[in-house]
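According to Swiss-Prot, the feature repeat 'PPR 1' maps to 74-108. Annotated repeat 'PPR 2' per Swiss-Prot: 109-143, in sequence order. Residues or ranges marked as repeat 'PPR 3' by Swiss-Prot: 144-178. Residues annotated as repeat 'PPR 4' in Swiss-Prot: 179-213. The repeat 'PPR 5' annotation in Swiss-Prot covers 214-248. If you look up Swiss-Prot, you'll see 249-283 marked as repeat 'PPR 6'. According to Swiss-Prot, the feature repeat 'PPR 7' maps to 284-318. Annotated repeat 'PPR 8' per Swiss-Prot: 319-353, in sequence order. Taken from Swiss-Prot, the feature repeat 'PPR 9' applies to 355-389. Per Swiss-Prot, the feature repeat 'PPR 12' maps to 460-494. Residues or ranges marked as repeat 'PPR 13' by Swiss-Prot: 495-529. The annotation repeat 'PPR 14' is assigned in Swiss-Prot to 530-564. Annotation comment: Swiss-Prot describes 1-34 as transit peptide, evidence class sequence analysis.
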Amino acid sequence: MMRSVAVIGKKCLHRHTVLLKGNPRTTLCWERSFAGASSDDCRENLSRKVLQDLKLDDAIGLFGDMVKSRPFPSIVEFSKLLSAIAKMNKFDLVISLGEQMQNLGISHNLYTYSIFINYFCRRSQLSLALAILGKMMKLGYGPSIVTLNSLLNGFCHGNRISEAVALVDQMVEMGYQPDTVTFTTLVHGLFQHNKASEAVALVERMVVKGCQPDLVTYGAVINGLCKRGEPDLALNLLNKMEKGKIEADVVIYNTIIDGLCKYKHMDDAFDLFNKMETKGIKPDVFTYNPLISCLCNYGRWSDASRLLSDMLEKNINPDLVFFNALIDAFVKEGKLVEAEKLYDEMVKSKHCFPDVVAYNTLIKGFCKYKRVEEGMEVFREMSQRGLVGNTVTYTTLIHGFFQARDCDNAQMVFKQMVSDGVHPDIMTYNILLDGLCNNGNVETALVVFEYMQKRDMKLDIVTYTTMIEALCKAGKVEDGWDLFCSLSLKGVKPNVVTYTTMMSGFCRKGLKEEADALFVEMKEDGPLPNSGTYNTLIRARLRDGDEAASAELIKEMRSCGFAGDASTFGLVTNMLHDGRLDKSFLDMLS
């Protein structure tokens, strides 16, 4: 069988040229040891302890002395040295030394041939690996399972997966017992080549042939199936595996439960969870994590809380990642009471204290639901526990205060952030500018903006758009336009929001021609207009009483797949009521 594989390669080994000159300082001790050395001296110098501490230069020097000694050390001694060099990943040197041995008439054995085969497989030079296998077998050496595993790995990495499968089948036919390395190597290769069904078939075929894969092999196949989104096949394989008297462990159950939860097979996941407990397999944190997360995703908050309580009663302590993910899930759904309870559980457990991420999540939740003072309380508690807030912490609070129209406290938090040595990033500054502008503090925003420019901060388009809008709303449309025109010089490209903001400024000032010109420029050279752009211009034309221009814009907007927004509908409805518009406008928008 192996002869049919090995016959592929018949070429001689490529000649490697390596200068065997070690560093005189590092090899001196070896040279002294082998001055007039016998093969017994070699054996002593190749003890396990010496080889463990061997450096490359010393190994080269030692080889030089070994080939000078008479009689030559045995091939076993040479094998030990070559193996030590191979462990240094110096395979080119191993090949070169092997060639020198051959030229000196030192015959290789099974072990050295296996090293060479492993080298060529790692280098994806399979034809040379097969040539050595053929030569080895011609000399009467049958390959070991280690050698065949090297060849198998070479086939898998060399995109010759069908030959890898055939090799394993032939191994079984010839009486070899594939080990864990054999199976896992082939399984990983099959999954890398999107051959999941063949991986399952391989396991089933091996069982029929009386070559039972072990738990590790089943685990590799099940893991691969779940990663590919086929947890139902993994579940079937688990059932077959257990019928074959191979008991799955908690890792395999966790893998399938996680896969079932990810792909929304929640009932199957809980059935498996119950089966697991019935069989006496104790669940751990990795069992509960996907189940609780899945319940949260389906909005089954009370069930999630019950399962969490069950977990804690069993003294299964969630890790920080689990707690943080769960707190985040509660916060996103507005379940702040549940999030606080979970936080309290973290503190009580004493196994897992809240970190900055947990505090930031809670603060974000309070700020999102306009409870920024409670967010500040969490921040103070965090500081009392010795944790220092990061950029996200302060930025979240600043944003929260601005949303609550509390401009003074927002600025106070910003000042505290700077005094605490936490560096604001561009997002912090953008939120500060936006908050100041929206609260009527444009002059303060301009001071901050000027400071940012003087510090050579890398301002983004959000920064510039915010300031253009603020200037336009403050009646400084010319200054807004100057800033817009400077963007190209700054290497910043305006986006659709920037164009729309500038057009809105022109329209607010009654500069209809400038708005039209910018709209034309936008369609020719800039980003494509969006719904906001069209609705901004339509409302401006309606306010000017230009029904014809409004109608044309509505038609163009609809042809681009956009519709009127709430503000435009509101304006049209009001104008219909007081008789300034015909009902046809409403029909055009709908």
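A Cβ is built for glycine as well, from the same backbone N, Cα and C atoms used for every other residue.
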Checklist entry - the repeat 'PPR 4' (179-213): which same-chain residues, six or more beyond its ends, come within Cβ distance under 8 Å? => result 145, 148-149, 152-153, 155-157, 159, 161, 164-165, 168-169, 171-172, 220-221, 224-225, 227-228, 230, 233, 237, 240, 244, 246
Item to check | Beyond the flanks of the repeat 'PPR 5' (214-248) by at least 6 residues, Cβ under 8 Å | outcome: 180, 183-184, 187-188, 190-191, 196, 199-200, 203-204, 207, 255-256, 258-260, 262-263, 265, 268, 272, 279, 281
Item to check | Stretch-averaged pLDDT - the repeat 'PPR 4' (179-213) | outcome: 86
Next on the checklist: I'd like the per-state residue tally for the repeat 'PPR 3' (144-178) from DSSP, helix first, then strand, then coil.
Outcome noted: 26 helix, 0 strand, 9 coil
Checklist entry - What same-chain residues lie close to the repeat 'PPR 12' (460-494): Cβ under 8 Å, and 6 or more beyond its ends? => result 426, 429-430, 433-434, 437, 442, 445-446, 449, 452, 501-502, 504-506, 508-509, 511, 514, 526-527
Checklist outcome for this item: Taking DSSP helix as H, G and I and strand as E and B, the repeat 'PPR 1' (74-108) has 26 helix, 0 strand, 9 coil
Item to check | Residues in the repeat 'PPR 12' (460-494) grouped by DSSP into helix, strand and remaining coil | outcome: 22 helix, 0 strand, 13 coil
